[in-house]
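Colleague: Just lifted these from TrEMBL, have a look:
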type     : residues : note
DOMAIN   : 311-383  : domain 'DUF1736'
REPEAT   : 499-532  : repeat 'TPR'
REPEAT   : 533-566  : repeat 'TPR'
REPEAT   : 601-634  : repeat 'TPR'
REPEAT   : 703-736  : repeat 'TPR'
TRANSMEM : 106-125  : transmembrane segment
TRANSMEM : 188-208  : transmembrane segment
TRANSMEM : 220-237  : transmembrane segment
TRANSMEM : 286-305  : transmembrane segment
TRANSMEM : 372-391  : transmembrane segment
TRANSMEM : 403-424  : transmembrane segment
TRANSMEM : 430-449  : transmembrane segment
TRANSMEM : 458-476  : transmembrane segment
Amino acid sequence: QICNQHNAKAPNLEQAFRRMAQTEPNLDHDVSWFLLPSYWAKMVVAFISFLCFANSYDGDFVFDDSEAIINNKDLRAETPLGDLWHHDFWGSKLSSNTSHKSYRPLTVLTFRVNYLFAGGFYPVGFHVINIILHSTISVLMVDVFSILLGGLQFSSKGRRLNLAPKTSLLAALLFAVHPVHTECVAGIVGRADLLCALFFLLSFLGYCKAFRENKEGHNFSIFWVLVSVILGAIAMLCKEQGITILGLNAVFDALVINKLNVLELIQKLLHKDKSLENGGLLRKGLLFRITLLMSGGASILYIRWRIMGTGPPAFTEVDNPASFADSLFVRAINYNYYYSLNAWLLLCPWWLCFDWSMGCIPLIKSVSDWRIIALAALWFCLIGLICQALCSEDSHKRRILTLGLGFLIIPFLPASNLFFRVGFVIAERVIYLPSIGYCILFTYGFSLLSKQAKKKKILAVAVFGILLINVMRCALRSSQWRSEEQLFRSALPVCPLNAKVHYNVGKNLADKGNQSAAIKYYREAVRLNPKYVHAMNNLGNILKERNELQEAEELLSLAVQIQPDFAAAWMNLGIVQNSLRRFEEAEQSYWTAIKHRKKYPDCYYNLGRLYADLNRHIDALNAWRNATVLKPEHSLAWNNMIILLDNTGNLAQAEAVGREALELIPNDHSLMFSLANVLGKSQKYKESEALFLKAIKANPNAASYHGNLAVLYHRWGNLDLAKKHYEVSLKLDPMAPGTKENYNLLRRKLEQLQKKGS
């Protein structure tokens, strides 16, 4: 409600409350809750929101962080800043067929700043920024909820009044400690949602400022309306949901600024009421402001469309199985079931999971499925709330319920599958913004219960208990997000049917060297999803390393049959076929991999190994050269070139390749070792010695380094140093090939010299 104050003296807060009480009910009146000054309320919210997620500050990069941050070249200084505006969130070109079309350049820019300030991929700085962002958003929620719950009123000096200090504090606390927010805060890629929410709220508050000098709704600031549109555009450049704030601003304008009764308006439109012709809407500028919002939104969407192109994102059936169902009925039923699960996560955020795809939620295929009850309950509640929001005679109730439903539903629309297919079944991060609507409805329900309850303090204690439980749940969930092992294992009891959960647990175990346990989880992933080609590929790799080549070949052959363009599986199949000495098939598999992934240095490296085994030396050198062109830091390819040239007597060429490699990878001790061997054979003993010593300094426990340096000294005539390094080599590896024989030869030579000397 707009306050029309012309007094020279600004009213105090008490007078404002009295005036509100005369016009409409005050939510705070019957609520037994803490009443704190605005500054202290924000401090409390900031502290508690920080407390909830503080234990995630030193967590690792987990799950999607690897692709969005560690493997994202857009974060590195050598990538031009302009590329951020043509790439998606994961660093792929928007024009690529594999791009998910998630256009969030401002979020990626903040990752880049994090990376540059930290001097590398150190997760602490990334996590701290996320925690600070959530705390800032939670503080802003105090102001936002005071407007949504108490209305918009200004003093004569243009200062906004908080007419619902107790309920706005409660709603902000509910938002700050909601466990469903953990993914956004503790998962670094959740920064997209946090930044989007920050500018989303600033856009809303900016829109409210447009009416600071309003007189009876007639005057408003076009400047602040335009600022709101710009902030909405910035929110969208952080994440797609940001654009929805423009629609919510329009709803807020209609309900709060213009006090429209939606049902009454619909009735007038249906009956062609002449009062609509009087231009009531135009007098207060509503249509003009909505036109500005719509024009701004349309312009933003057009610019984005021009940048990203018209091609839809590339998703697979396992990402969102309902969207691939042939039956419209099955799609509709399952979409609605997903909505009910999202609502349940807001109501009872106990079962949380990093991923809800791949069979975690089996499709509903008939009305006899008992889960139909969940979506029936959802629509029963929604229809009841909508009826109250439209038909209630209490304008205060209509306003709060409509705003609550608006903030609950409108930000969720981009994730609803209604306008386009999304790449997930449920994602906890996408209900960060809709939780605002949930907090409004929860707080309003609490105020209604307080009004009816005789023992208000018991009700307040119950709500306080909910907040306390949520704080503990946030702390527990944050600790699970600290490492991939904890995160993946936490999902097993929540989504035991999710093949991706078992896959990720297996991958984590394999990375730690526990292959036996990894095999168990990979097999379960393939059992749950017989078309899970990535699980087949990884399982095939482990079996290949354990020399179980027949089963490895079967799995990899099945993987490329299911997905013929799966380049990694083709390469791994080639490695297995090479091990089985089926060289022609292996060569064909390698070239098929390269056909599907043109820039594939590892495949060229393995192709070179195949050619070396077949004594096709020129082909091997060409393949390894291709690997180093595509990936200049490919140490194994450089090493193999040096060794092959050395073994074939091309010492000058081997030396040239070794020097070229060390210029590109100056700290690689294996390259130093290989080049030192070549220089020793070329009788460049001094330079060879320097490289051997440098390699040993970098890797002092390599027996071969000491053994070959000993050989160099042996040839050079430095017999005492040769003896010393032979002994070090044998101490590190008593079974080192050739070293013991060389050492015995040296000892006999030293004994002969001693006899001659005596």
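Any Cβ shown, glycine's included, is placed from N, Cα and C.
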Colleague: Against which stretches of its own chain does the transmembrane segment (188-208) lie, if we need a Cβ under 8 Å and a gap of at least six residues from its ends?
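Modeller: Long-range Cβ neighbours of the transmembrane segment (188-208): 61, 63-65, 68-69, 89, 104, 106-107, 110-111, 123, 126-127, 129-130, 133-134, 136-137, 140-141, 143-144, 147, 152, 160, 224-225, 227-229, 231-232, 234-236, 238-239, 241-242, 244-246, 248-249, 252-253, 411, 429-430, 432-433.
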Colleague: Relative to the transmembrane segment (430-449), which of 286-305, 372-391, 403-424, 458-476 accounts for the most Cβ pairs at distances under 8 Å?
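Modeller: Comparing 286-305, 372-391, 403-424, 458-476 against the transmembrane segment (430-449), the winner is 403-424.
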Colleague: Can you work out which residues elsewhere in the same chain, 6+ from the ends of the transmembrane segment (458-476), have a Cβ less than 8 Å from its Cβ atoms?
Modeller: 31-33, 48, 51-53, 55, 170, 173-174, 177-179, 181-182, 349-350, 446, 449-450
Colleague: Looking at the repeat 'TPR' (499-532) alone, can you tell me the average pLDDT?
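Modeller: Across the residues of the repeat 'TPR' (499-532) the model's pLDDT averages 94 on the 0 to 100 scale.
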Colleague: Going along the chain, which residues at least six beyond the ends of the repeat 'TPR' (499-532) come within the CB cut-off of under 8 Å?
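Modeller: Non-local partners: 63, 318, 353, 355, 357-360, 484-485, 488-489, 491-492, 538-539, 542-543, 545-546, 555, 562.
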Colleague: What else in the chain is close to the transmembrane segment (403-424), if you only count residues 6 or more beyond its ends and a Cβ gap under 8 Å?
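Modeller: That would be 100, 148, 200, 240-241, 243-245, 247-248, 251-252, 255-256, 312-313, 315, 319-320, 322-323, 331, 335, 338-339, 342, 356-357, 382, 385-386, 389, 430-431, 433-434, 436-438, 440-441, 444.
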Colleague: What does the DSSP secondary structure composition of the repeat 'TPR' (703-736) look like, as residue counts for helix, strand and coil?
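Modeller: In the repeat 'TPR' (703-736), the DSSP-based counts are 28 helix, 0 strand, 6 coil.
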